Amino acid sequence: MGDALAKTGSLAKKRLPCVNEAANSQSSARLIFSTFASAFAVTDTPSNADDLDLTDPHAARRHKLEEITAKGIDPWGQRFDDRLLVSECRDRIPQIQWQQKDGETIALPDVESEEVDYRQWKADNGPGEEIGPIVRVAGRILLARPTGKLIFMNIRDWTGDIQIFVGKKQVGDENFDLAKLFDLGDLIGVQGRLGRTNTGELTVFAEELILLTKMLEVPPEKHAGMTNQDLRQRMRYADLAFNDGVMQTFLDRTKIIKSIRSTLDDQGFCEVEGPTLHTVPGGAAARPFETHHNALDMKLTMRIALELHLKRLMVGGMERVYELGRVYRNEGLSPRHNPEFTMLETYQAYGNYESMMDLTEKIICDAIEKIGGGFKREYNGTMLDFTPPFQRATYAELFQKATGIDPADEDAVKEYAKGLKLTIDGKHPDVIRNEIFEEKVEDSLQGPIFVTDYPASICPLTKRKKDNPEIAERFEMFICGMELANAYTELNDPDLQEELFKTQLEGQDDEDSMAKMDHDFVRALRYGMPPAGGLGIGIDRLVMVLTNQKSIRDVILFPVLRPE
RNA sequence: GAGAGUGUAGCUCAGUUGGCAGAGCAUUCGACUUUUAAUCGAAUGGUCCUGGGUUCGAGUCCCAGCACUCUCACCA
């Protein structure tokens with residue numbers, strides 16, 4: 001072992017002019033690299049090679065890194081032009097054909113099918129040879145099956161996996177020696193013919209191998225992957241690179257968000273960016289994160305909602321406006337809560353909560369069409385049907401159905417609350433009603449379902465029903481017990497709004513209340529905000545439901561974690 | 001913030017009544033030119049989360065702490 005190292009060491013000095021003919025041959029890149037190689041060769045490599053424990057996976061990778069450098073190959077790669085994505089290789093499958101000796105080409109049989117034995121088929125249709133396009137692919141090595149003078153590898157780019165065939169005779173000694181220095185997780189480029197192996201597997205038959213980047217860490221277990229939740233989130237890069245389906249979930253998230261924007265844009269909505277630093281944390285009932293502005297020496301809070309600034313813009317005449325952005329709430333974590341999360345809020349002048357219901361359906365159904373999978377889809381083991389229109393029911397109906405009591409009967413409600421061991425002292429009747437509702441109804445709403453017409457006093461930013469001031473024109477949409485959307489016919493009476501800000505709801509602490517006085521907002525309303533419908537959608541939760549992920553942390557790339 | 005569970009090799013996990021620390025994958029060496037989580041043979045690899053305690057002896061029992069997961073609370 002020591003001998004081998006000594007040899008490669010001297011080799012490095014002899015072969016300083018870059019011998020990596022296989023790599024990209026931009027001469028400037030080579031020039032830069034030979035400087036790199038010489039710098040590396042001069043820098044003393046560990047001399048205690050005899051002590052190196054090569055069965056330590058990390059040490060083995062470091063050692064291969066040195067051997068690669070000693071060959072004059074840049075282990076960190078160069079620009080790699082004209083490559084095809086794996087998905088594009090799949091598009092070229094029809095170009096793989098069988099050419100008989102007389103020059104006639106015939107299509108391959110359905111090699112993917114169980115019944116077809118491609119090896120036998122070739123014998124029956126021979127003599128001849130398989131032909132296919134020359135392709136260049138790049139990706140991360142996920143699996144390797146070396147069989148002597150032959151190596152099968154599976155590489156992955158962000159569109160899929162493909163098999164690589166490396167034969168010693170086919171690629172030549174130099175390429176083959178390089179391939180033997182590849183480890184699982186390395187990023188490589190391959191040029192070769194696209195074809196099929198005897199077993200019918202789509203394969204790039206390598207003619208040229210290029211190391212694009214060496215991986216120095218050890219990959220997770222190749223079958224089980226990285227299952228530890230904490231590690232997955234802490235090292236999202238490894239989770240994305242090695243765990244099946246993770247990339248797809250996040251690409252779907254992007255598709256969903258793009259789809260939401262395009263649905264709204266198509267209907268004439270205008271996207272804006274409100275401030276994330278607020279002086280009054282309004283628009284929702286939540287504890288804010290606090291921060292401090294040095295030059296102004298004042299307290300600022302991170303926004304907990306988008307609402308009040310979007311409504312100011314409605315006053316200004318932006319008749320259809322939305323923001324799709326991050327809000328921050330200083331509260332507990334759970335599989336459904338992350339301290340920062342993405343919300344859509346949108347407002348439509350001259351609409352009401354019913355226009356928002358239609359819009360919600362459209363937003364969700366459009367997104368489903370973009371990511372595919374149909375309106376009937378599974379979430380967490382239950383089948384959900386998103387075929388519009390979604391189910392609708394009033395708050396009172398659902399309350400009555402679940403509890404058997406009339407929500408208008410205050411005494412009966414109080415008795416029921418006592419039965420649930422809820423504390424009712426000093427609480428507003430609507431607050432008690434709502435606690436019962438949350439306890440008995442919400443969790444059981446499989447949905448998607450719109451719950452409409454909430455008690456007015458728990459909705460301080462909502463317009464009351466014309467014929468019943470006790471009821472607010474509001475809906476919430478639930479799926480699997482999760483609240484996904486919340487919409488109002490927006491309150492635009494400045495005096496009533498000011499009144500609602502002033503009167504704290506009975507039984508609610510200041511910090512629990514939505515009713516935080518925002519004088520400028522009330523002034524804005526006095527300038528005249530059109531009657532409007534407003535809608536908020538929890539984007540992370542929507543993505544959870546549409547991508548069938550149980551935890552919000554599986555749809556947020558970098559959820560909040562304690563430091564390592 | 002409360003309760004329950006988990007923490008053992010780089011990764012995934014076993015570990016019996018308290019009695020020498022185990023497997024698979026990965027890694028290293030050997031064999032193999034159409035493999036499919038390749039296979040076969042051999043080897044290497046440990047702060048058993050941390051700190052105390054009980055004991056002749058602790059991965060295992062007790063106490064405290066840390067981290068994660070789940071449930072609940074706050075909340076969307």
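Every residue, even glycine, has its Cβ placed from backbone N, Cα and C.
Now, the feature entries from TrEMBL:
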- A:Glu476, A:Glu483: Mg(2+) 1 binding site (BINDING)
- A:Glu483: Mg(2+) 2 binding site (BINDING)
- A:253-563: domain 'Aminoacyl-transfer RNA synthetases class-II family profile' (DOMAIN)
A:Glu483 (Mg(2+) 1 binding site): tally of other CB atoms within 10 A of its CB: 17
Number of other Cβ atoms within 10 Å of the Cβ of A:Glu476 (Mg(2+) 1 binding site) across all protein chains: 18
Model confidence over the domain 'Aminoacyl-transfer RNA synthetases class-II family profile' (A:253-563), averaged pLDDT: 88
